[in-house]
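A.B. asks: Got a structure here, written out as structure tokens. Questions coming.
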Amino acid sequence: MSKERFILLSPLPKRSTGRSGRALLVWGLLVVAANLRPSLTGVGPLLDRVQADLELDSAVAGLLSTLPLLAFAVISPMVPRLAARWGPERLLWGALVVLTLGIAMRWAPTVIGLLAGTLLIGAAVAVGNVLLPSLIKRDFPTRVGLLTSAYATVMGAVAAVASGVAVPMSQVAPGGWHTALGCWIVLALAAVVLWLPQLRTSRPTRPASEAIRRHRLPWGSALAWAVTAFMGLQSLGFYVVITWLPQVFQDSGVSAAAAGWLLFVFQAVAVSTSLAVPAALRWAGDQRAVATASSVVLLAGYLGLLVVPGWALLWSVVLGLGGGACLVLALAFLGLRAKDATVAGALSAMAQSIGYLLAAAGPVIFGLLHTIGSGWQAPIILLCVAAVGQTIVAMVAGRGTVPPADGRAPDRDVDAHRMAR
């Protein structure tokens, strides 16, 4: 057993592949990113149809939204060690296969099939969430900001399309909502095929004991906790907005159809904003000012909802501006604050595990506050408090590097503080 060797995420020798090989890797990463949200965001618009067709009560129907987030929280801390054992490329390919299986299971006309498929989708997406930042850090250490923005943009754009086409597709396609949820299997299969060439990439090996030691999560790092808090608070706000913003607007006098379009405006502005973040990262000496300003914009949007909720279009745009920037920054911090790809993977696992626990709790707490208080003031004040906290931790999360949890020296081929320039 002492001689057993396992594949480790980093450090790596420079790839021997040429420009075409690196282009294929980038396309593979972007197609993987495109698969990380549509199977989740397409559920909400169809929830009433699913609930009526399968005769689900509200609690069971709610599991379709909360199961993936809980899977993120449980699976994320395991990903670095699984990547150390099997190799990140193999693990990611396996996750894509599981994602494909989960989407296929949703076609089954049973509650068990629907819930089991949703759980598999959540587990697969959790692996992708953790691995993408560390793979970008490892293979493109000087382009972390640019590629993080690119994959966040792709992820957000496909998510917006999924939520927008879900209802129309369920109305015209054979199979109704089953087809609307299952059509994303085509994109998952494309990712499975496009990622196959990466399985041939050779990786250095290390003893199992060293692999385990090197992939400890950085629980003792104050900077890691700041990054985790930033990730968690922006995730909480994002999922609350996605879940409840249409209802807030409807209660202020906006029609249901218009409220749906306003949610699309929020997502479209967020996607557009994510394209501008790399330029801001290159201009700034560190990310404190950008992260703080983005959090303040988000706070302004929440305050607007609280004071003048009838200005729905304006607040959708403002929230999209702040939310889109904060999402890209939260993802970029996972690479920017890491000394090497191993630390990036561990930091990603820690931040996303806790972050998605907050994300899962956020919509529930928001709804409870609305029920108890019979209004939206208390829930929106909660969002304002979260945005203030996010602004504070942004000042810490925007600079510095997280040391390896095992106390080792960082890998010399990766220098985190240079990458955003």
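The backbone N, Cα and C atoms fix where each Cβ goes, glycine too.
In case it helps, TrEMBL gives these features for our protein:
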- 21-40: transmembrane segment (TRANSMEM)
- 60-79: transmembrane segment (TRANSMEM)
- 91-108: transmembrane segment (TRANSMEM)
- 114-132: transmembrane segment (TRANSMEM)
- 144-165: transmembrane segment (TRANSMEM)
- 177-196: transmembrane segment (TRANSMEM)
- 217-242: transmembrane segment (TRANSMEM)
- 254-277: transmembrane segment (TRANSMEM)
- 289-307: transmembrane segment (TRANSMEM)
- 313-334: transmembrane segment (TRANSMEM)
- 354-372: transmembrane segment (TRANSMEM)
- 378-398: transmembrane segment (TRANSMEM)
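Have a look at these and tell me how they're positioned relative to everything else.
C.D. replies: Listed by sequence, the residues of this chain that lie at least six past the ends of the transmembrane segment (60-79) yet keep a Cβ under 8 A from its Cβ atoms are 40, 43-44, 47, 50-51, 91, 111, 114-115, 118-119, 121-123, 125-127, 129-131, 217, 239, 243, 345, 348-350, 352-354, 356-357, 359-360, 363-364.
Residues 32, 35, 39, 79, 82-83, 114, 116-121, 123-125, 127-128, 131, 135, 175, 178, 181-182, 184-185, 188-189, 191-192, 195-196, 198-199 of the same chain lie 6+ residues outside the transmembrane segment (91-108) yet bring a C-beta within less than 8 angstroms of a C-beta in it.
Counting only same-chain residues 6+ beyond the ends of the transmembrane segment (144-165), those with a CB under 8 A from a CB of the stretch are 26, 29-30, 33-42, 44-45, 132-133, 136-137, 180, 184, 187, 263-264, 267-268, 270-271, 274-275, 277-278, 281-282, 324, 327-328, 331-332, 335-336, 419-420.
Counting same-chain residues at least six beyond the ends of the transmembrane segment (177-196), those with a Cβ under 8 angstroms from any Cβ of the stretch are 24, 27-28, 31-32, 34-35, 38-39, 42-43, 46, 49-50, 53, 89, 92-93, 96-97, 99-100, 103-104, 106-107, 109, 158, 162, 165-167, 169-170.
Sequence-remote contacts of a segment are chain residues at least 6 beyond its ends whose Cβ falls under 8 Å from one of its Cβ atoms, and for the transmembrane segment (217-242) they are 41, 44, 69, 77, 80, 263, 266, 291, 298, 302, 319, 323, 326-327, 329-330, 333-334, 337, 343, 346-347, 349-352, 354-363, 366, 379, 383, 386-387, 389-390, 393-394, 396-397, 400-405.
Within its own chain, the transmembrane segment (254-277) has Cβ neighbours under 8 Å at 45, 145, 149, 152-153, 156-157, 159-160, 163-164, 241-242, 245-247, 290, 312-313, 316-317, 319-321, 323-325, 327-329, 332, counting only residues six or more beyond its boundaries.
Tertiary neighbourhood of the transmembrane segment (289-307): same-chain residues 230, 234, 237, 248, 277, 280-281, 314-315, 318-319, 321-323, 325-326, 329, 376-377, 380-381, 383-384, 387-388, 390-391, 394-395, 397-398, selected by CB-CB distance under 8 Å and a gap of 6+ residues from either end.
Counting only same-chain residues 6+ beyond the ends of the transmembrane segment (378-398), those with a CB under 8 A from a CB of the stretch are 222-223, 226-227, 229-230, 233-234, 236-237, 240, 244, 248, 286-292, 294-296, 298-299, 302-303, 305-306, 326, 329, 333, 337, 365-367, 369-370, 372.
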A.B. asks: Take a look at 21-40, 313-334, 354-372 and tell me which one has the most Cβ pairs under 8 Å to the transmembrane segment (114-132).
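C.D. replies: Ranked by Cβ pairs under 8 Å, first place goes to 21-40.
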A.B. asks: Six or more residues beyond either end and a Cβ under 8 Å away: which residues meet both conditions relative to the transmembrane segment (354-372)?
C.D. replies: 65-66, 69-70, 72-73, 76, 228, 231-233, 235-240, 243-244, 330, 378-379, 382-383
